[in-house]
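Student: I have a structure here, written as structure tokens, and I will follow up with some questions on it.
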Amino acid sequence: MASREEEQRETTPERGRGAARRPPTMEDVSSPSPSPPPPRAPPKKRLRRRLESEDEEDSSQDALVPRTPSPRPSTSTADLAIASKKKKKRPSPKPERPPSPEVIVDSEEEREDVALQMVGFSNPPVLIKHGKGGKRTVRRLNEDDPVARGMRTQEEKEESSEAESESTVINPLSLPIVSAWEKGMEAARALMDKYHVDNDLKANFKLLPDQVEALAAVCKTWLNEEHRGLQLTFTSNKTFVTMMGRFLQAYLQSFAEVTYKHHEPTGCALWLHRCAEIEGELKCLHGSIMINKEHVIEMDVTSENGQRALKEQSSKAKIVKNRWGRNVVQISNTDARCCVHDAACPANQFSGKSCGMFFSEGAKAQVAFKQIKAFMQALYPNAQTGHGHLLMPLRCECNSKPGHAPFLGRQLPKLTPFALSNAEDLDADLISDKSVLASVHHPALIVFQCCNPVYRNSRAQGGGPNCDFKISAPDLLNALVMVRSLWSENFTELPRMVVPEFKWSTKHQYRNVSLPVAHSDARQNPFDF
């Protein structure tokens, strides 16, 4: 109480120097006053109360309510003047809470005020919009709703144009970017439309490995238009067109840069045979030297093959009685060649490690290898390599499907030398074509047949699959050359098509065991219980 009375004395001026309503002069201020300074008004205590809104949806808010001080018995005029000069502080509003993702903004005015919008990485995703006034709204996006791009002002576009020009990659050719499959399909459809392929084949064509039939139809139409009456030697028209379709498929995949991991489109390989280097020496697919083995053939006298043998091979064929006392035509070949793994096997029987190569006449087989080598040198005289390679198919119609299982018998097409009858009587001086002279000087051809062929008037050995695949080595090379001509007539650039080199593998071995094969069944349970 004493201190409060002292503060009140300091606010009261001295008597004779002025009243409470008249402020003192400068002289009075300059002179020291023995009274203390006037006391300050005590701060108003504020009481925090919780006010409930009348609206049930709004949440309760906290407001600051000034607490009225308790009345005092005596209050001076100076205290009232000082208290009136102080401004009353307004209660600070509570910051707004962020809206929930359930809020949907659909008004046009709010859309115009949006300055930035982004997509939040949540589940479900939300579209977050920031207005120009600092307002932030959130809208939930459905799966089918398109994501709107952020709206930018013209000034922002001008500022970011330079940065975008540096990061944008421009196609120098100004061409649309397409996939490799679309590129191959476009080229294939152009060929099928031009050469009038069947609509069913065209509609089902998807550039798959097993769809060679549609491309073979293209090659067949092209042959009928450009090379009518094509001469083939020991080759069926169906096999020739099929091999052209395979080569065309390889060019399409190379053009579109489409590859399949476990499928080679041509179904061929280049074999470095080395069978024409040393006289009398032949090598099998293993790369080993083939051994000599006597081979005896017996045919019925009344059969067509027996009569032909008596006529064409009168020096070797003779009529004898077999062990059952019947007259047969017997041909004994002492120059037969077989794989080294078949030395202990009878004629026309092979071991489990054999490559399946067998020649009844080794000399004729070597003449056929010399013919294809001379044919390659005549066709490509300036080639540095490749004259000693043989383009050979690895798949016939039996094992042409991708992912086929090994079957009983030979796994590679059978390689057989065929003699050219009456070719020795031709005068070589009258022929100027070197490719034709290759067959005149070496009158035998290598012919590729089905892996396990079934001849006329004979039964299938082992009951394995068989087909009518048959094509000679020169015609196989001509099929590749004609596909290149077909491609050059329709496209400007010829892609690079690589035929793999042949390497021996255990998957090419002769199979003496027939494995059971399962067939797909749509039923869930095998039996009805």
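Placed from the backbone N, Cα and C atoms, the Cβ positions cover glycine too.
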Student: Would you please say which range out of 411-427, 462-478, 496-512, 513-529 has the annotation region 'C-terminal arm, DBP binding' in Swiss-Prot?
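Tutor: It is 513-529 that Swiss-Prot annotates as region 'C-terminal arm, DBP binding'.
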Student: Among Cys268, Cys275, Cys355, which residue does Swiss-Prot annotate as binding Zn(2+) 1 at the site that also has Cys284, His286, Cys339?
Tutor: Cys355
Student: Can you give me the same-chain residues 6 or more apart in sequence from Cys450 (Zn(2+) 2 binding site) with a CB-CB distance under 8 Å?
Tutor: Cys396, Glu397, Cys398, Pro413, Lys414, Asn466, Cys467, Asp468, Phe469, Lys470
Student: Rounded to a whole number, how many Å is the Cα of Cys339 (Zn(2+) 1 binding site) away from the Cα of Tyr195 (phosphotyrosine)?
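Tutor: That comes out at 46 Å between the alpha carbons.
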Student: Return one of helix, strand or coil for Cys355 (Zn(2+) 1 binding site), based on DSSP.
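Tutor: Cys355 (Zn(2+) 1 binding site) sits in coil per DSSP, no helix or strand.
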Student: Give me the non-local Cβ neighbours of Tyr195 (phosphotyrosine): same chain, 6+ apart in sequence, Cβ-Cβ under 8 Å, ordered along the sequence.
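Tutor: Once residues fewer than 6 apart are set aside, Tyr195 (phosphotyrosine) is near Ala217, Val218, Thr221, Trp222, Glu225.
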